[in-house]
Amino acid sequence: MHPKALLDACSELVREVLRFEHPADAVVSRYFREHRALGPRERATLAETAYAVVRRKLLFEHLAGSGSGPRERRLAILGFSGDRDFLKSALSEQEKAWLDQCDAVDPATLSERHRHNLPEWLVAPLKEQLGDDFWPLVESLDASAPLDVRVNTLADKREDVREELRLAGIAAKPTPYSPWGLRLEGKPALTKFDAFSRGAIEVQDEGSQLLALLTDARRGQMVVDFCAGAGGKTLALGAAMRNTGRLYAFDVSAHRLENLKPRLARSKLSNVHPAAIAHERDERIKRLAGKIDRVIVDAPCSGLGTLRRNPDLKWRQSAQSVVELAAKQGAILASAARLLKPGGRIVYATCSLLRAENEEVAQAFSAASPGFRRLQVQELLESARVDDAAKLCAEGGQDLRLWPQRHATDGFYAAAWEKVQS
Ligand SMILES: C[S@@+](CC[C@H](N)C(=O)[O-])C[C@H]1O[C@@H](n2cnc3c(N)ncnc32)[C@H](O)[C@@H]1O
């Protein structure tokens, strides 16, 4: 594609993504569907440019203030992810001079907001939690997330799969904490490999794997994945149960559960029962009350722990949406807890970085639920043979707290309780 045409396409995509009416990944996928002639390299440039603009929106808007021409074009030039000379061949003399000026800006002279590129409502709670670690977090959010897979230990061993991938030209290392994980080098398209099609691997961030390990679902148990979505955790739990017992995968979105089906078929699990529920107080939940050994609530949340992959979330969420989510999370956790039998365990998890969706929801549940004993996540991880469990927990070892800048995972939180014997 001619550089000028590719830059025009980037500007168009940037304009659509910046409307923030839909998730950026959905906007990008739709754009590609509507422009089928685009080749893989052009697609990569388009997607990476749009994401770069979303990531560094405040800085780019500031720099774009001095240029001329349509705003989206200036933003696309600043975020352009392809070769510099290629880009310059699409620019007017005036644009080239402006871009050189922008490149010459010393980052040290920029204001904080132009360096962190976060909305103000998010900065204060993050700084309060992180102190000096705030800037390393900002830096980590600019980098792309590694590609982790979980080995389906029902049928394969991690080392065998690692060797199989190596022979297929994919280098991988064991993940540092999860005994099920491999971290791949680069971003190979996995779907064409036998290890993928026969269900030996599933793409899953190491942090998500740790949530499943924490749930500790065992052979023969009755287990509920309350917010199963496309079933990332469900598949890990089903394998941990060695394809025995009964694992319910609930979600209010039948559409998301549909995406579980092909993954389930690859995994060879037959102990999973997906079911769409109307809401967290659905009749189906009431019928199972007091019968379940393990429940995981991977609650709907702001998703701010996934900003490396979904940078648009920082612009699509707000202080108000977090308040609403926290209320929803509390309601789901309280309902899900009714499922447990005495001695059963419930894990509450989010991929949010904010205390309002994490510690505060957990504390409110503890305070309102005398029949539940808070468990020490560090001890649970150690029992699940997770290395360096203390490093994965907040001080004191009570809760799991994963951060991209510390653990190279998405940001995750988890707390766990046991229903007291009655
Ligand atoms: C963080 S996602 C789950 C991701 C999934 N566990 C995985 O590992 O792929 C949260 C899910 O909660 C679902 N959800 C929202 N409200 C719910 C409710 N009241 N009861 C059950 N699920 C709900 C959403 O549809 C969404 O799929």
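Just so it is clear, glycine is given a Cβ too, placed from its N, Cα and C backbone atoms.
Lifted from TrEMBL, the feature list:
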DOMAIN    137-420  domain 'SAM-dependent MTase RsmB/NOP-type'
BINDING   ASP251, ASP298  S-adenosyl-L-methionine binding site
ACT_SITE  CYS351  active site, nucleophile
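Projection of TrEMBL feature records onto the structure.
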residue : record                               : DSSP class
ASP251  : S-adenosyl-L-methionine binding site : strand
ASP298  : S-adenosyl-L-methionine binding site : strand
CYS351  : active site, nucleophile             : coil
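The two recorded residues, ASP251 (S-adenosyl-L-methionine binding site) and CYS351 (active site, nucleophile), have Cα atoms 17 Å apart. On the 0 to 100 pLDDT scale, the domain 'SAM-dependent MTase RsmB/NOP-type' (137-420) averages 97 in the predicted structure. Less than 8 angstroms from the CB of the residue listed as 'active site, nucleophile' sit GLY207, CYS301, GLY303, LEU304, GLY305, THR306, ASP410, GLY411, PHE412, TYR413, each of them six or more residues away in the same chain. Summarising the environment of ASP251 (S-adenosyl-L-methionine binding site), the number of other Cβ atoms within 10 Å of its Cβ, over all protein chains shown, is 23. Taking Cβ-Cβ distances under 8 Å and a sequence gap of 6 or more within the same chain, the neighbours of ASP298 (S-adenosyl-L-methionine binding site) are LEU211, ASP225, PHE226, CYS227, ALA228, GLY229, LYS233, ALA349, THR350.
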